[in-house]
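Chemist: Just dropping this structure here.
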Ligand code: ATP
Ligand code: MG
């Protein structure tokens, strides 16, 4: 590898300065991620052991791509190199150290759906009235408390008892939530000097991509690890900070300057991604933000196209327009489907576009939406797997105890719960006591039902835990519980739904099999698999290059596409009405989002702004986003979006989706 040939001079300095703290703040497309990748490859070439290198990225996809690129550059396998997200790295640390704080290493990781169930369980136990509560809000408060972004105050202290119960149950079920993946490792490292020492000895070279979006917790985590060697390189762009609602804070850049006063700083100023037109539009827009480190950014790429803007009559015409444009450009300019990005501000905007894509046979994948893994049938399977991995996991147990129906009635469940509460047991332990204790107060019928459930778990546990037996055991399990029959019973009116759901399960099992067969997965185990999917809840299993990328702007961060569509460029959508209501200062964050969206485009950027849109079944008049006026008008060109009568005809969305999944 010839580093100097692959990088410009500033990038070269950034990639070859490996000792001491390094700060790289630079605009979109200036090669920040590329620098990290080459920096790692360079270190390896210099003979730094792979195990000493830790690179932290924002998404799993980014981590996979970076690791892959480094392998290509070095021609080595690199099993000891750690490139991962903060959360995945948190899991890794917890796996090795969580026993130091009284958990078992087969812990479950709870997503929002699980957290809500847990919250309800916790409320039930302490008789907290949830009637008029919004669980999401409560979880938001808990998250702020846990990540130390807030303190109990007059409003929130009402939930203190509930929080204590929630925390107690998490531990009882040997489960952690997402915030724990960062906060528990910090706690362990803070309180166990010998463990901290082990980590700082091991990771001597640390890099963080998308630094502007690290949370305060993630910053502390990083700092603890880096304080041994102080070889820490962070790269980011303050103009792309778009997660402040999740507690990310680009003041981390200021903290970094304070905590590492000896740092070197490198600025990258050449953009290699976009044309002049796109870059000028982005630069002009973002200059309207006051709260920023000003930057220079130039490109040598001449423009062929202006930025296009179309004003379709409604969201159906918008979808039609996008679909037609994609087909046209795909055919005319032979641009592969995978080179198109269609960006939306919120998930709800995807539906009309997905319908058209399905109708027009445009292959696509949606990311940032409801995850494949959260579909009911898949979640059921996952809960079975979790119970097999960690029998104390009551949230999963409650979910599947009567799926399929086992006749375990409400009364029995109440009895089990009071038994568990009384002894501070998990339900699994309570069931064991109910079945096997000599003085068990449970009825014979209840005991029989519970025993057969326990036997099921006991029979499948050793199977699924043996090497490379996850997929085959799961398949056997779905047959043993006759999940197909259950689906038929649940959906007596429409036999297509069971077929479709069953098909999803087959896809799921197939993806597990692929995981088990993949030689790159050094250690395929049930535990590792479950972690992996709980961390990729936003990605669907397939990662097909031949598909149009439909995604939210948030999930497009760091990515690039030849042609980018930005849909719903309307006031109330971007800037988002809610963001503005909460705090007018949020307009700057919305502008950064718009900046991120624009800067994903390499060659062409095509925006659409509907004149009306259906919101909750009501037709609403829409105005173009005020951000459009902030763009230099000579860079824009209006494109006609013709209405299409055919498209207005009703379509059966689910039928189309089934067609896509190949079911029926
Ligand atoms: P973002 O802020 O969006 O994350 P970034 O700063 O991380 O962007 P990269 O994704 O690393 O930018 O680079 C943008 C594009 O420019 C990539 O396709 C990359 O390969 C290319 N690129 C960057 N530097 C060079 C270079 N010196 N020579 C050739 N291509 C380059
Ligand atoms: Mg990047």
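Note that Cβ sites are derived from N, Cα and C of the backbone, with glycine treated the same way.
These figures come from a predicted structure and were not determined experimentally.
Take a look at what TrEMBL says about it:
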BINDING   26, 27, 28, 29, 30, 31, 32, 33  ATP binding site
DOMAIN    5-275  domain 'UvrD-like helicase ATP-binding'
DOMAIN    276-558  domain 'UvrD-like helicase C-terminal'
Chemist: Taking the Cβ of residue 26 (ATP binding site) as the centre, count every other Cβ atom within 10 Å, in any protein chain shown.
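Modeler: Other Cβ atoms found within 10 Å: 26.
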Chemist: Is it possible to get the count of other C-beta atoms within 10 angstroms of the C-beta of residue 33 (ATP binding site)?
Modeler: 21
Chemist: 27, 29, 30, 31: which of these binding-site residues put a Cβ within less than 6 Å of any ligand 2 atom?
Modeler: none
Chemist: Report the binding-site residues (27, 28, 31, 32) that meet this criterion: Cβ distance to the nearest atom of ligand 1 under 6 Å. Use sequence order and write none if nothing qualifies.
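Modeler: 28, 31, 32, by Cβ distance under 6 Å.
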Chemist: Taking the mean position of the Cβ atoms of 26, 27, 28, 29, 30, 31, 32, 33 as the ATP site, which residues outside that list, in the same chain, have a Cβ no more than 8 Å away, listed in sequence order?
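Modeler: Near the ATP site, beyond 26, 27, 28, 29, 30, 31, 32, 33, sit 237, 268, 271, 272, 273.
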Chemist: Please work out the number of neighbouring Cβ atoms within 10 Å of the Cβ of residue 29 (ATP binding site), leaving out its own Cβ.
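Modeler: Taking all protein chains shown, residue 29 (ATP binding site) has 26 Cβ neighbours within 10 Å.
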Chemist: Sequence gap of 6 or more, C-beta under 8 Å: which same-chain residues meet both conditions with respect to residue 30 (ATP binding site)?
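Modeler: Expected: 268, 269, 270, 271, 272, 297.
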Chemist: Is residue 27 (ATP binding site) helix, strand or coil when read with DSSP?
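Modeler: SS state of residue 27 (ATP binding site) = coil.
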Chemist: Average pLDDT across the domain 'UvrD-like helicase C-terminal' (276-558)?
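Modeler: Averaged over the domain 'UvrD-like helicase C-terminal' (276-558), per-residue pLDDT gives 90.
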